[in-house]
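Have a look at the structure below before the remarks.
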Amino acid sequence: MAFADIFSPVAFFICLRETLEAGIIIAVLLGFINQIIPATPPPPVPSSGRSSTELLSDPDTAPDYGTPADQSQQHHALSPLRLSKRIQLGTSSERDGMIRAMRWQIWTGAVLGGLGAAIVGAVFLFVFYTYTHDLWQDAENLWEGGFCAIASILILIMGLAFLRLPHAQTKWRLKLLSAYQAKSELDQPEDAEGDEGEDGAPLRAKSRGRAKGGRMILFGLPFVTVLREGLEGVVFLGGIGLSESPPAVAGGALAGALVGGTIAYLLFSSSAPLPLRTFTTSSTVLLFLIGAGLASRAAYSLERQYFINGVGAAAAESGSGPGSFRVDGNIWKLTYGNPEPGAEDGNGYWQLAQSLVGWNNVGTVWTVSTYIGYWLVIILTLVTMKWKEGRADVCGVKSQRGWQRELVKRRAERQEGEEEGLLGQTLDSD
């Protein structure tokens, strides 16, 4: 028995690409959980200063740089802080239970996405092999483009959340922790400093809304990612099964899935010991690269579906030469580096490049514009976030928070100058 009869390189690279892309996103989410909720927190060390990386500030001692209007409502915001403080001071088993609950959401989304992909893909394959009509091919690019677009949006939201973590650690920790608290803890009456009265109900309703959002992002991103990758993998494997033996397809697919999962695990198995800022920055860069590539792939898939609808489905089976792609609006068409599975002018490495950074040997006005536009949205969003937080000026214009920070800075400088003056007078008198 020849090696080609039990191992298909095409199937290997297909599963390697799909597994690696889904595995990286799942690993990033799992590492994120380990960062915000340490399983074994260090013992408290008495100190006169405050740590700049402390995940939860004490509401009784943390400085307040807000406006007078914000300070007048400060007592209404103590309830979620006290809730998180109870969790922080809870037992190790409670923290472990919180981590397990969050991991359950991630793995539930991944497993359900895999099951959905297997069911939908099996239906398409059954109809294809039974009625010799590839229903997936009729709308393959439309499906792929839609899933890529949804995944790129979710990745953008999650990446921005990662970047905000070092600057808003308390807010995000409360958001994710409250997502897994019993509903009674949010609904129970507060103490004398609590949220009783007309202002309490809206705040508690807002907390429940944020809790639901935290649960959905941990569930939705793995679900959509695994569903999209699984559908692609199942249909592609079924397609190459027409020209290769089933044992070869199964062997290559199994090997690719194992290698892809192992690589994703090794990339993030040591993510917990990394400093928080290093972890969030590196993870966000990787997520944004994947998201930008997915946005470009979505534009290409939708544009190609439009081309196929205009010239007929035969264009999809005509290879990669003249007549197989749309010339109008085309920027480049390379004769190598085709990331499509089974292409004569490509190989598995180009498939991995497409999975990680969105590589394609065909560039159009829409794909390039979408890729650039995705990064422009990221840049504008980051600049806006930094401006609203008061950490940057835009054309010399400060935000409200920026003026607050400037006022606090001037007061601190004035106080420091007065203290130095008093110290000088004391020394002169001595």
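In case you wondered, yes, glycine gets a Cβ from its N, Cα and C as well.
Where the annotation comes from TrEMBL, it is an automatic prediction and has not been curated.
Just so it is clear, the model here is predicted, and its values are computed rather than measured.
According to TrEMBL:
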- 187-199: compositional bias 'Acidic residues' (COMPBIAS)
- 43-77: region 'Disordered' (REGION)
- 187-207: region 'Disordered' (REGION)
- 409-430: region 'Disordered' (REGION)
- 6-33: transmembrane segment (TRANSMEM)
- 106-131: transmembrane segment (TRANSMEM)
- 143-165: transmembrane segment (TRANSMEM)
- 216-242: transmembrane segment (TRANSMEM)
- 248-268: transmembrane segment (TRANSMEM)
- 280-300: transmembrane segment (TRANSMEM)
- 365-383: transmembrane segment (TRANSMEM)
* Can you say which of 6-33, 106-131, 248-268, 280-300, 365-383 has the most Cβ pairs under 8 Å with the transmembrane segment (143-165)? -> 280-300
* Given pairs 6 or more apart, does the transmembrane segment (6-33) have at least three Cβ pairs under 8 Å with the transmembrane segment (280-300)? -> yes
* Structure fact -> If you count CB pairs under 8 A between the transmembrane segment (280-300) and each of 106-131, 248-268, 365-383, the winner is 365-383
* To do: Determine which residues of the chain contact the transmembrane segment (248-268) at the Cβ level, with the cut-off under 8 Å and only residues 6 or more beyond its ends counted.
  => 4-20, 23-24, 26-28, 30-31, 233, 237, 240-241
